[in-house]
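Worksheet for the structure shown next.
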């Protein structure tokens, strides 16, 4: 059995991940369109909103196209993680669409006979605020994410942030126009698919029941009544609202929240940092068995580190040689290095000279005798970069041992670099895996910094847009609570803290705002007398759109659970936690807490 690996393997396998996710796109679009269509179905053939739903999904698709086109045109690098973006935007764009439709139907129920202009004005007055807040917070979360030290995270945030901007523009322009066209079709009693006028009144007595069922949507002869409230809104108003505001249920919710918080804080203390290198490849990649075998049989050996003397020095000068030797010994004295396994061309060359076989103390001798060394050890020819009259650079190798955990890798890197710094001769230590070890050095502070800045920005936005300071406090509380929850529970779900999950934690801030902002704003804006009634009204108004939004976003990313790559699966896990906890806060915790205060 042979397992193999080349120095390019990591990179190539990592980049091959994107292709594996492309077939999942079509499934996602299919799922999202189906969900949107089902939730916009009505029994009457005139009031069926199938076109509305399809156009809403289409506008998200257009946003992906526009933003990717613009970013690629500007030359922003397309990284593997960016392949996650369309799944996200689809879910969020559909959210905005649901809020717009809900608000439009409410306006047209309130004002039966008013003009299209005033209807649309009313819809925008209500929905546009909500949609603007959520878009602003999401976009801010992403553009704050571009300040990070990781270029891949920066790319991802740029692509997604731009897509959100386009998504907002298309919802406000394209989708508004679609709403109006759809309304005109309804006013003229045209069929949803054929746009033929559906007969109402005298001429339909002769037609069979079958004809009526197909073209009017009911067997009965009278014209269809204007649409009532959506059954889900009634469910929130009549059953769920009163249930959640019952005082014993409230107590239960508080206890539940305590358990949630306890679990999350415990999870946060258990968090693991560092990326397992096999996670960068596809599950069926040839590097995985190689890593497994390496771990099984050669786990005592760490990476073989290359030490480069980066400038041209006078190797024929004995003091220079001694300087190099003492530097090499410093490096070998690190606890992670096995000094018996080092390999240095200079040591062998000096050894040959000591035996009196050759003389290397003058420049010409040093150069003329190099072929003797190469005859002795041909591979050393690759370790010296020489021109006619100088050695530009040369290298030797040291072998590390017992590097098992991320903490070891972090310490090894720091100790090697410090030892190289202290040397009088310019040295550089290098191994292809160091780029991944470097993540651990900055990942925690980078994550904390990004999350803190983003949360601060969210607070400012919600203060500007929600004219009630108390409400903002609640939104901020929800953000903090969701972040702690996601960070804690992701540990239980075997997700480490690395640059991939870091992106997702920043996104998580933008999303946690969405759910709680809608509900708390509706609560504050409500005109009801008692706190319980306010909570019930807020839930009946926005409970269903929030639920729809949560389901649509999860549908957008659920396909990624089936991906055969760690990156996409992690993305799914974290998004799932974010949406789950966000919806929990928006529909359970926040309404209950608001009634207390």
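Keep in mind that glycine also has a Cβ here, set from the backbone N, Cα and C atoms.
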Open item on the list: Checking feature assignment: transmembrane segment per TrEMBL, candidates 428-447, 448-467. Which range matches?
Closed with: 448-467
Open item on the list: I'm validating the feature mapping. Which of 20-38, 96-114 is tagged transmembrane segment in TrEMBL?
Closed with: 20-38
Open item on the list: Counting only residues 6 or more past its boundaries, what in the same chain has a CB within less than 8 Å of a CB in the transmembrane segment (156-181)?
Closed with: 51-52, 55-56, 59-60, 62-64, 66-68, 70-71, 76, 78-79, 81-82, 84-86, 88-89, 92-93, 96-97, 100-101, 104, 116, 120, 123-124, 128, 131-132, 135, 138-139, 142-146, 148, 503, 506-507
Open item on the list: Given a Cβ distance threshold of under 8 angstroms, which distant residues of the chain, six or more beyond its ends, lie next to the transmembrane segment (544-567)?
Closed with: 17, 20-21, 24, 27-28, 31-32, 35-36, 39, 80-81, 84, 87-88, 90-92, 94-95, 98-99, 102, 230, 232-233, 236, 279-284, 500, 511, 514-515, 518-519, 573, 575-576, 579-580, 582-583, 586-587
Open item on the list: What residues elsewhere in the chain lie close to the transmembrane segment (574-594), defined as a C-beta under 8 angstroms and at least 6 residues from its ends?
Closed with: 88, 244-245, 250, 253-254, 256-257, 260, 474, 478, 481-482, 485-486, 489-490, 493, 495, 501, 504-505, 507-508, 511-512, 514-516, 518-520, 523, 531, 534-535, 538-539, 543, 546-547, 550, 553-554, 557-558, 561
Open item on the list: Give the nonlocal contacts of the transmembrane segment (20-38) in its own chain as ranges (CB under 8 Å, at least six residues past its ends).
Closed with: 50, 53-54, 56-57, 61, 83, 86-87, 90-91, 94, 97, 282, 551-552, 555-556, 558-560, 562-565, 568
TODO: Given the cut-off of 8 Å on Cβ pairs that are 6 or more apart in sequence, determine whether the transmembrane segment (502-524) and the transmembrane segment (50-79) share at least 3 such pairs.
DONE: no
Task: Paired segments the transmembrane segment (448-467) and the transmembrane segment (473-495) in contact, 3+ CB pairs under 8 A - done: yes
